[in-house]
Amino acid sequence: MLRLRSLLQKGLAHRFGIILLLVFINLGISFVTRLGLLLYTGKGFDWTIGNLLGVFGIGLLYDLAISSYLIIPFVLHLWFTSEKIYEPAMRKWIIGLYAALMLFFSFSQLVPAEYNAALHWGVVVLFGLRLAIYLLLAKKGPAFRLQWRKYVLAADIFLVTFLLLFNAISEYFFWNEFSTRYNFIAVDYLIYTTEVLGNIQESYPVGWIITGVLIVSFAIVWFLRANVRRSVKQPISFSRRSMIALLLLIFPAITFLFVTNKWKRFSSNAYANELAANGLFEFGTAFTHNELDFYKFYRVLPDEEAFNIVRKQLETPNAHFVSNDPFNIERQVSYAEPEKKMNVVLISVESFSANFMKAFGNEQNITPCLDSLAGKGLLFTNLYSSGTRTVRGLEALSLSIPPTPGQSIVKRPDNENMFSLGSVFKSKGYITQYLYGGYGYFDNMNVFFSGNHYDVIDRNALRPDQIHYANIWGVADEDLFTLTLQQLDSNYKCGKPFFSHVMTVSNHRPFTYPEGRIDIPPSRQAREGAVKYTDYAIGQFIRKASEKPWFKNTIFVIVADHCAGSAGSVELPVTGYHIPMLIYSPDNIAPQKIDRLTAQIDIAPSILGLLKFNYRSKFFGQDIFSLPAGQERAFISTYQGLGYLKNGELIVQSPTQKVDQYKPDFTTGKAQKEPLTDSLVKQAIAFYQSASWLLKNNKYRSN
């Protein structure tokens, strides 16, 4: 024991001793947090020796794992900070390095100025400030620089301590509401910061909490002031510093490679498993897993009952189940008419709300081309998007599955070879493509679409001279459509029918586009301008396509990925999900308005229905053209709020097994709470539960 104490004292007196203290601070705060949550849980915890050992033993491993990440910036600071960088021979190299970094960030778009000019120039100013501090310190003596390093190190320790303490309190609030460590809900909170911060301010004495955390953080740093002094004064050669630093950096590498959140699942008691975890580690895991367990956080039915409800809703006169297995929703879809091997161009338009169009009451005349097409094709007036982000729209359009909680399937791991619209077209001998105006790596599009029977074509396929304008999101929509026309011409020459899904980008902040195209200058950076430019680009594309030999045998489907905004006074305002859709093929489809309630997941099977394709379907969506009256419904969602819209009623499921029913106002988006209707609630639960079950059990795959 004396030997251990002597080694500990020696380690703390070392230059890198402050690293050991940081680890102790994190372990101490984590232990107190875990103990506090355990005591708060009380009777829900299974108080056995095995569970207690698991909670604190496995918990210690996770706390050490987070500590290994925590020390990285401090190890680098202590490794490279020395008096040598202020010697005359080194100054020109340091000044040159800072100058090069400032020039690089000034003229490169690594931090794009056009999307966020303040952030772009903020990075440049930061390096300029660092250079100014370096020049100031270079003119001062070693004693002044020593004091400077001491205060900077103390400030860094204060900041980390404050954040760890604040996180501990945040974990308590999170546990109080969800009885679990951080998960995708916590990630979601970072996205909806305004609502979350407002809720916290109304629920807790935030001012007093922050004051208390500041006082405790300051007290800890004051107590450690002697260690900070020793850390900056200890002279160690660069070679020895390098050896120690590299040894310390092995630990975060081990954590990254070998530590998994599966270790926490040691007990049959759910509270024990959650208490063994570390909140910060779980928060990081949520980014990679991107999923919220439906069975854990939402009200559920027995699985067989849920599937029986869904099967009754999915069976139609022309769609019959191929198996009596209650967990199999695969149907044989058949049509009496012969199949039509027509081409299909599906254009998903970025952030395009229904109320942008004249047909839905807009009087700004910002969609003249689409307004014209609306009178020449099928106009869907009662269509609702699955979610609020592009990836959720792409999921609905390609997979025809309800939006399960958490991140979109597009961004989840193990999302290849799903049953998709692309897989059906591919089975019919079609060329299937996904064309995107940005870089396909964004939002995992390359991985998802290439793994699900699509050939991915992005802005890399354009030569520099073909790009008239580009911003952070991608090339201007007119350039994307130029690329699309080239690809469709090439497809036609191959002698095969084609299905091409095109995703636009211009109707997105910063709302910039080429000059001289419309009467709203791009310098205004206004949403109305971006909408009108996208409308212009689509109009030009349709006009040029009409001159092509493949035009008369092609169906054009134009639909939004999601609305421009979904905020409202209620959790799921229906007006924030109302999107338009046009189906245009003047030689094949007569003009008509479709007023039936339609879900975004119904689009894929409806396209296949127009073509009279006979196929086996696992889609949750249905052909709106042959769906019996009374079976219409729609799905709308946030990352955690799951909505089921039917018969003018809205069922909303939320974490902690909460279910509410509302009577929505389809004009204002407001909603009046109503008593629960048992049959509607069961349908809502059944659809989301069965979709989650199929994904969890790898049953939503292409055969």
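Using N, Cα and C of the backbone, Cβ positions are placed for all residues, glycine too.
Mapped onto three states, the DSSP output places Thr390 (active site) in helix. According to TrEMBL, the feature active site maps to Thr390.
The Mn(2+) binding site annotation in TrEMBL covers Glu350, Thr390, Asp561, His562. Within 10 Å of the C-beta of His562 (Mn(2+) binding site) we count 28 further C-beta atoms, all protein chains included. Classification of His562 (Mn(2+) binding site) by DSSP places it in coil, neither helical nor stranded.
For His508, the entry in TrEMBL reads substrate binding site. Of all Cβ atoms in the protein chains displayed, 21 besides its own lie within 10 Å of the Cβ of His508 (substrate binding site). Reduced to three states, the DSSP call for His508 (substrate binding site) is coil.
Summarising the annotation, TrEMBL assigns domain 'Sulfatase N-terminal' to 343-611.
According to TrEMBL, the transmembrane segment annotation covers 12-32 (among others).
According to TrEMBL, the feature transmembrane segment maps to 52-81 (among others).
The feature transmembrane segment is assigned by TrEMBL to 93-112 (among others).
Summarising the annotation, TrEMBL assigns transmembrane segment to 118-138 (among others).
According to TrEMBL, the transmembrane segment annotation covers 150-169 (among others).
Sequence annotations record features per position, and here TrEMBL assigns transmembrane segment to 206-224 (among others). Outside the transmembrane segment (206-224) by six or more residues, the chain places 18, 21, 25, 154, 157-158, 161-162, 165-166, 169, 200 with a CB less than 8 A from a CB of the stretch.
According to TrEMBL, the feature transmembrane segment maps to 244-263 (among others).
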In the structure shown, with every protein chain counted, which of the binding-site residues Glu350, Asp561 has the densest set of Cβ atoms within 10 angstroms of its Cβ?
Asp561
So which of 52-81, 150-169, 244-263 is most in touch with the transmembrane segment (12-32), counting Cβ pairs under 8 Å?
52-81
Return the residues near Thr390 (active site) by Cβ distance under 8 Å, restricted to its own chain and a separation of at least 6 in sequence.
Ser348, Glu350, Asp443, Met503, Asp561, His562
Compute the centroid of the Cβ atoms of Glu350, Thr390, Asp561, His562, then list the same-chain residues not in that set whose Cβ lies within 8 Å of it, in sequence order, for the Mn(2+) site.
Ser348, Val349, Ser351, Phe352, Arg389, Gly393, Leu394, Met503, Ala560
